[in-house]
Amino acid sequence: MAEDDVPTKAAAAEDVYTKDGTLDFRGNPAKRNSTGTWKACPFILGNECCERLAYYGMSSNLVIYFKTQLNQTSAVAAKNNSNWGGTCYLTPLLGAFLADAYLGRYKTIASFSIIYVIGMTLLTMSASVPGLKPTCSGKDNCHANGGQTAATFIALYLIALGTGGIKPCVSSYGADQFDDDDEVEKKHKGSFFNWFYFSINVGALIASSVLVWIQENVGWGWGFGVPAVAMAIAVVSFFSGTRLYRYQKPGGSPLTRIIQVLVASVRKYKVKVPEDKSLLYETADAESSSIQGSRKLDHTNEFRFFDKAAVEVQSDHIKDSKDPWRLSTVTQVEELKSIIRLLPIWATGIIFAAVYNQMSNFFVLQGTLMDIRVGHSSFEIPAASLSIFDTLSVIFWVPIYDRVLVPVARKYTGHKNGLTTLQRMGIGLFISIFSMICAAVLELIRLRSVREHNYYEYEHMPMSVFWQVPQYFLIGAAEVFTFIGQLEFFYDQAPDAMRSLCSALSLSTVALGNYFNSILVTIVTKTTTKNKNPGWIPNNLNYGHLDYFFWLLAVLSVLNLGAYLLISKWYTYKKTVGTLR
């Protein structure tokens with residue numbers, strides 16, 4: 001169960017803690033019933049909805065801002081967008097470490113939210129204050145000097161730092177509101193992840209429709225200012241639920257515990273591991289581990305070398321206490337094993353993230369060359385707003401999955417969630433392949449039309465941008481299966497005291513997917529522009545072959561799915577001992 005790191009003065013007098021530092025509600029059931037569960041979740045979901053509205057309102061059209069306001073080429077704008085987006089999903093490793101080791105999730109979210117708001121404010125100023133904003137002689141004829149470009153990127157990377165403390169903690173913090181040892185609450189926790197992702201996409205829906213339109217038709221100052229206000233509302237929403245939350249007490253540095261196991265294993269490389277696992281070292285308490293806020297983990301037979309760290313020998317003790325750099329508990333050893341088992345599954349998410357990244361890069365650039373009018377009217381929809389169909393897809397599929405697919409699948413599989421999280425993620429990887437195929441086929445048809453009718457220099461060729469809808473819709477369906485599956489899988493399979501860190505590990509696949517996409521663009525550009533060829537991705541995509549790039553990602557996705565199926569068969573699920581109460 002969740003624990004307490006910021007109790008009020010009144011609460012401090014009446015709260016009772018178990019040996020491992022967890023808040024014990026057994027002596028005070030009234031307090032247990034007044035906190036956590038769905039009572040606390042509206043504030044967390046509201047926070048996430050507004051924060052995602054701010055993030056996507058700023059990021060959905062960022063590649064266009066780089067190209068039209070900072071005067072960057074298509075390839076440079078796409079790479080800068082990928083690098084920044086990747087950083088936004090890499091900084092969660094820092095935030096998660098601080099949350100698990102020192103601050104707890106509540107304090108981490110609160111403090112990093114302030115950094116986020118500062119970054120959003122500076123970004124708004126860089127797009128609206130004379131001297132800071134780029135100099136423009138027309139709507140899209142702009143130039144930014146070194147200082148103006150620097151101000152933009154300082155703001156963006158402050159936002160990247162701020163989001164690093166929020167992303168890995170909010171989903172875990174919401175899940176903390178449900179007790180793993182209460183069967184009713186545990187069942188609701190699985191549903192929480194679905195509705196958490198639903199709230200993300202409600203925010204994204206507003207961002208990709210209203211805010212992108214404001215950026216394109218009103219101005220970038222307002223286009224970034226509204227997300228800044230949304231982020232301030234997110235902070236207010238989060239603090240409003242303070243008295244209803246169940247808090248997580250930090251369990252000490254997880255990296256230190258992992259290193260201790262590695263050091264102890266190497267020191268005892270000559271020691272033989274006994275066949276009887278009961279001979280391995282563990283705390284005497286029947287339920288609590290030596291790690292604050294963590295249940296014991298049952299011994300598993302993989303990676304037996306690390307079991308050497310839990311073999312007790314005479315030199316492991318200093319006077320009356322054990323040396324943690326020579327002797328580790330079984331639970332500590334199993335923490336390390338859990339992380340190792342997660343890594344192959346984690347790696348297969350990188351290609352999926354690279355596919356997902358196309359929505360904010362080449363899908364947008366592809367769409368800008370198409371007819372962006374709605375029907376035969378003069379009303380134009382920004383190409384970046386097509387991501388609304390990804391959002392609508394998620395909003396459509398989440399309740400269908402939660403209310404229809406899960407109950408039906410449960411009847412056939414007997415699993416409480418209908419499908420295992422590994423099965424769920426695999427389905428998403430499969431669907432993502434067809435999104436790339438749709439994008440490739442559309443670009444093939446578009447380029448054929450360009451060549452046949454000489455549309456090379458047209459700003460918008462006469463092919464409706466709404467032909468992009470299938471590729472966006474399929475990405476959204478894949479998200480519901482893979483990204484939500486990842487959230488639940490990495491939370492459930494993480495050791496109790498490392499849940500923020502494992503959530504960050506899950507998010508880091510998006511970072512590496514962005515970086516992978518950036519590297520892939522660089523390699524493709526250098527390889528295909530030899531002998532003065534325009535290459536696959538020239539500044540004017542009408543002269544290129546973006547379809548080849550989409551086919552390349554489709555092939556990589558097929559290979560990635562094959563690897564995932566092999567890895568998922570090998571995976572061993574975590575086994576806990578005792579309870580957190």
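Even glycines carry a Cβ here, placed using N, Cα and C.
Record features (TrEMBL):
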TRANSMEM  109-129  transmembrane segment
TRANSMEM  195-214  transmembrane segment
TRANSMEM  220-239  transmembrane segment
TRANSMEM  339-359  transmembrane segment
TRANSMEM  379-401  transmembrane segment
TRANSMEM  422-445  transmembrane segment
TRANSMEM  465-489  transmembrane segment
TRANSMEM  501-524  transmembrane segment
TRANSMEM  548-567  transmembrane segment
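Only pairs six or more apart in sequence are counted, and the transmembrane segment (422-445) with the transmembrane segment (548-567) gives three or more Cβ pairs under 8 Å, enough to call it a contact. When Cβ distances are compared across the two stretches, the transmembrane segment (465-489) makes no contact with the transmembrane segment (109-129), since fewer than 3 pairs at least 6 residues apart fall below 8 angstroms.
Counted as Cβ pairs under 8 Å, contacts with the transmembrane segment (379-401) are highest for 195-214 among 109-129, 195-214, 220-239, 548-567.
When each of the listed stretches 109-129, 195-214, 339-359, 548-567 is scored by C-beta pairs under 8 angstroms to the transmembrane segment (220-239), 109-129 comes out highest. Below 8 angstroms of C-beta separation, residues 344-345, 348, 351-352, 354-355, 358, 362, 425-426, 429-430, 432-433, 436-437, 439-440, 443, 520-521, 524, 536-537 of the same chain, each at least six residues beyond the ends of the transmembrane segment (548-567), sit close to that stretch. Only residues 6 or more beyond the boundaries of the transmembrane segment (339-359), in the same chain, are considered here, and those with a CB under 8 A from a CB of the stretch are 82, 85, 89, 258, 302-303, 387, 390, 422, 425, 428-429, 432, 435-436, 439, 472, 475, 478-479, 482-483, 486, 489-490, 493-494, 498, 502, 505-506, 508-514, 516-517, 520, 550, 553, 556-557, 559-560, 563-564, 567-568, 570-572.
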